[in-house]
Amino acid sequence: MLRRPRRNRKSDSVRKLVEETSLSVKDLIFPLFLIEGSNKKIEVQSMPGIFRFSQDLLLKEIEECLKLGITAFDVFPAYPESLKDSVASESYNPETFYLKALREVKKQFPEVCLMSDVAMDPYSSDGHDGLVKEGKILNDETLEILAKMSLAQADAGVDIIGPSDMMDGRVGYIRELLDESGFTDTSIMSYTAKYASAFYGPFRDALDSAPKFGDKKTYQMNPANSQEALIEGDLDTEEGADFLMVKPALSYLDIIKLLNDNFPLPIAAYNVSGEYSMIKASAEKGWIESDRAMLEVLLSIKRAGAKVILTYFAKEYASLVK
Ligand code: PBG
């Protein structure tokens, strides 16, 4: 045998030399859940190790993460039913606890890259990402609300707006309003290929944001499709997105590669709640090694072509490699 691939695997130092993909804390964005009030830190039942923080403790958490080298955060708010309505009016109330907390994060830690989420679901009494009328999700009428929400978040100092709603035309609509209002430096990380997935379950528990009727299949993509991701990628690129995101990550590694091969924009992937909880649950049963599984998963997402990974493992990974 002249060719023996095993020679390049013979020792740790040789394996390191030929290693193609590397992972760094700098690649990661840590999603955090915010609740109203103070001195609250409540574990999400279906996401062991992940908490819902009130603003004061969220700031502490960010401070700890900064010490571990994490520099980017995506904050999601959990709203009580009493603040929800059919038009998500709380989402652009400048005094709402989410916007106040975002403002405070940027004030205390101006160096962090702060990302926010744009969609109606946390504020909507229907639990959908868009406006609902007679059981249907309205597209164009939703855009105005999403744009107002984006503007309020940009005004609070957010660095990257993350439209996760999957309405058609929203990236361009938001970009125009931000630009007209002087927020030309606020970036948009578009949820470009967001699939109608079973893996969002624990996240909806964390935010109490499950849809009150039906599902999200008229706006989120069909897991059977990949061509549509190219259409979405084209549109988001034309409409001025700065990053294209694929979500979830693990069942969609081919989509990450497809977008990375076809678009020059940096690709982000969201290693979603269900993907986190699957590993945590099997590790609790002693069926899988959590750390090794985490490293393998994050590396595979990067190998597929993601430049940026949103992951609930961020703090654990940062602590592990510290
Ligand atoms: C809201 C939103 C969802 C997630 C991020 N933004 C849930 C959904 O679309 O129902 C899921 C994130 C996760 O599961 O970790 N539009």
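Our numbering is plain: 1 for the first residue shown, then up by one each step along the chain.
Quick reminder: no glycine exception, Cβ is built from N, Cα and C everywhere.
Given the structure is predicted, the values throughout are model-derived calculations rather than measurements.
Here's what TrEMBL has on this protein:
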- K194: active site, schiff-base intermediate with substrate (ACT_SITE)
- K247: active site, schiff-base intermediate with substrate (ACT_SITE)
- E232: Mg(2+) binding site (BINDING)
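Sequence features annotated in TrEMBL and their locations in the structure.
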| residue | record | DSSP class |
| --- | --- | --- |
| K194 | active site, schiff-base intermediate with substrate | strand |
| E232 | Mg(2+) binding site | helix |
| K247 | active site, schiff-base intermediate with substrate | strand |
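Between the CA atoms of K194 (active site, schiff-base intermediate with substrate) and K247 (active site, schiff-base intermediate with substrate) there is a gap of 5 Å, rounded to the nearest whole number. The Cβ of K247 (active site, schiff-base intermediate with substrate) has 25 other Cβ atoms within 10 Å, all protein chains considered. All protein chains considered, the CB of K194 (active site, schiff-base intermediate with substrate) has 27 other CB atoms within 10 Å. Cα spacing between K247 (active site, schiff-base intermediate with substrate) and the residue listed as 'Mg(2+) binding site': 13 Å, rounded to the nearest whole number.
On its own chain, the residue listed as 'Mg(2+) binding site' has T192, A193, M221 as residues at least 6 apart in sequence with a Cβ closer than 8 Å to its own Cβ.
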